[in-house]
Amino acid sequence: MDSRLALATEEPIKKDSLKKYKILCVVLLALLVIVSLGLGLGLGLRKPEEQGSCRKKCFDSSHRGLEGCRCDSGCTGRGDCCWDFEDTCVKSTQIWTCNLFRCGENRLETALCSCADDCLQRKDCCADYKTVCQGESPWVTEACASSQEPQCPPGFDLPPVILFSMDGFRAEYLQTWSTLLPNINKLKTCGIHSKYMRAMYPTKTFPNHYTIVTGLYPESHGIIDNNMYDVHLNKNFSLSSVEKSNPAWWSGQPIWLTAMYQGLKAACYYWPGSDVAVNGSFPTIYRNYSNSVPYERRITTLLQWLDLPKADRPSFYTIYVEEPDSAGHSSGPVSAGVIKALQSVDNAFGMLMEGLKQRNLHNCVNIIVLADHGMDQTSCDRVEYMTDYFPKINFYMYQGPAPRIRTRNIPQDFFTFNSEEIVRNLSCRKPDQHFKPYLTPDLPKRLHYAKNVRIDKAHLMVDRQWLAFRSKGSSNCGGGTHGYNNEFKSMEAIFLAHGPSFIEKTVIEPFENIEVYNLLCDLLHIEPAPNNGTHGSLNHLLKTPFYKPSHAGELSTPADCGFTTPLPTDPLDCSCPALQNTPGLEEQANQRLNLSEGEVAATVKANLPFGRPRVMQKNGDHCLLYHRDYISGYGKAMKMPMWSSYTVLKPGDTSSLPPTVPDCLRADVRVAPSESQKCSFYLADKNITHGFLYPAIKGTNESRYDALITSNLVPMYKEFKKMWDYFHEVLLIKYAIERNGLNVVSGPIFDYNYDGHFDAPDEITQYVAGTDVPIPTHYFVVLTSCKDQTHTPDSCPGWLDVLPFIVPHRPTNIESCSENKTEDLWVEERFQAHAARVRDVELLTGLDFYQEKAQPVSQILQLKTYLPTFETII
């Protein structure tokens, strides 16, 4: 068939079909319009009463205004409920908010909260009643309030304090997701917030919550982990056991008891320890923990406590929510689950602020929102198994990101278990090993994690996002977790605060959560119990600080070590051929130790720009030894300097170290021989040699002899001295260039009982062989520079910057796996691992720094509690 013919015959058929389709569409459209108009007109003409709405008629048995339907409690059984009965009368009792349908409702006795007209008088309104039903603007949209005085209703003489914990809310969440969290973001905008708050190690829930309310390190308050064993109790503690309610585990004085002991009342809607009879007492009001109670119930109950009569009303409140921690564990920190959890806690916080505003308390209450720790991603591909290191596992291991190892056979073998062998067998086993084993006394001092029998001696510091397990399949490994090194950025927690006592619209520098307890006491105008915080270090958060700190008074003033003779009465088995082989040179060198008053003033100005360290030890017999390039505080009993101080300016382009002077040591003629070390002390001990506390890294060759004297000697393990020398010869110069000069204070530390405080003489257990010269457990170095680096440290008009280190003094460098490595590959990392606060140095040495710096004491305390960090990855 011809194709043109086929096309011609098909064309009329297509046109007929199209015409029918158009007609059908028009007819259907017309019918749709007619039906719509009919329904609209019919419903519009129907009277409102005939619709049978239950609005304002819920459970009313009179049936007034209802035709053909009912709103009483029996309508469901009869099947004659009005169309909106379920939404208006049933679901309204199951929500915590008002809506336009609920406003003015009949009082629903089973409702969670009320939107009835009399709810304000009855004090049972939903938190948003005034916003929804009376047209007030919500708290979240209002401008930031500003006032020097509390805006409190009658009966609130002291602003209440609310401590709100959001478990596992890491600081980065607030930066990343703040636009999704309108309520918390408003608090951040109007109040104060820190870049982060540092959790204590291990970064776990119970240890950190209890630290926040006691101001104590976990080693001090006893809750050293979520799981632990106490050999004296012979019991195990866990979050799922009844033992967690045994007061024997809980030491210290939580803030609710501090408040109660001083005449205030306290109420806790959950907080680790609040449902335990610590010291025999519970908070005034508390609830036994249950994670099934909705956040809205917790918020509503706290608001009801604020409604109590003045005589019964608490001054301090805690509230705790489990998110976003729970979502972080199950989904990991970067997940939709965490975002949803963050929004749920933001809604809960918004509900609290709406409820406070409804009571006119939103600018009266001092509220702190914080977290206990952060969260990090984990994976089953990033797990270290002990079965890869031991042929047979014959020990018990607390697994995860902060593992501890102890004997299985408890209590019999608890104290005889060979932790040293465990640590030795786990040290430097693989080039890509993702943990470092430590005996707890050797852990970085900034962790304060050693002095408690519940802290097992063998400990692993695990790399970020890695886990350590006993064997494969022994625990869950996916999702997220926490517990890691508290310097990891992923472990950083939030801190926000708002209220009449706090400054406004300010970002503050990071601080540690041990400081929160003292802050809470200041807000409540009460005296804190002894704690590990530094009282006054957070005064800059407050408009009018309650506590005014002052410098500590010196307990031992320096004695005189005067120059009496240019030649020693006893050479102390020392020799310096370069001086002694030429008549008069040794006497000439010793005369340099006899400084005039003007020379003393000049060296003090240059080398002690912030004042000499004060000695806080009783019977700390010492004297000051002045030199042109350094000054020492010489400890007579220990026969070595307690500290040396000197300033290293930024070197010029052509500067170099003075040449070394080999085999040269001489007696310091200013110190009695009986109070001096002999050069022969180090001949018998092959593992120990002498080091110089002041390393003579500046000045002329002539001034270098000022350092080669017995009063500058300190005992050092030979392997440690390699690291010490590299630090002073290379890193110190590097830091001086970076910071435009440094003031350096260094010295020995004795902490044989590893309690974080200086030892009494009878606690020191190791000495240079055959002598009474004690061997330090650590050495400290405090580097101070000017924050404004256009100034040098000896002429700094403003804030200072500090970089302190407390380095364990050990016979080997196995911590750094340094074998076959040059110092440039490991020394700086080793020092950074042992960075500390100035306050840590003070506690370990009995010294007190910066007393002559012209700055308010509270600002000096900020400096002393600052911890340098070197982590940049989250």
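Backbone N, Cα and C atoms are what each Cβ position is placed from, and that goes for glycine too.
Not measured: the values here are computed from a predicted model.
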Disulphide partner cysteine [Swiss-Prot] for CYS126, chosen from CYS103, CYS113, CYS144: CYS113
12-30, 259-277 - the range that Swiss-Prot marks as transmembrane segment: 12-30
Which of TYR196, TYR210, TYR217, TYR289 belongs with LYS204, ASN226, ASP275 in the ATP site listed by Swiss-Prot: TYR289
Further Zn(2+) 1 ligand in Swiss-Prot, beside THR205, ASP372, HIS373, within candidate set ASP157, ASP167, ASP413: ASP167
Among CYS477, CYS521, CYS561, CYS786, cysteine joined to CYS623 by disulfide in Swiss-Prot: CYS561
Env. residues of Ca(2+) site, Cβ within 8 Å of mean position of ASP751, ASN753, ASP755, HIS757, ASP759 Cβ: LYS451, PHE750, TYR752, TYR754, GLY756, PHE758, GLU763, LEU844
Candidate nearest CYS98 (disulfide bond) in space, where candidates are the recorded positions THR205, ASN753, ASP755, HIS757, ASP759 and distance is Cα-Cα: THR205
Disulfide-bonded residues listed as CYS561, CYS623, least Cβ neighbours within 10 Å: CYS623
Nearest of the disulfide-bonded residues (CYS75, CYS103, CYS576) to THR205 (active site, nucleophile) - Cα to Cα: CYS103
Nonlocal neighbours by CB distance (under 8 Å) for ASP755 (Ca(2+) binding site), same chain, sequence gap 6 or more: ALA450, LYS451
Euclidean distance between Cα atoms of CYS133 (disulfide bond) and CYS144 (disulfide bond), Å: 23
Cβ neighbour count (within 10 Å, all chains shown) around THR205 (active site, nucleophile): 24
Proximal residue to CYS71 (disulfide bond) among binding-site residues ASN753, HIS757, ASP759 (C-alpha distance): HIS757
Surrounding CB atoms that lie within 10 Å of the CB of CYS103 (disulfide bond), all protein chains: 16
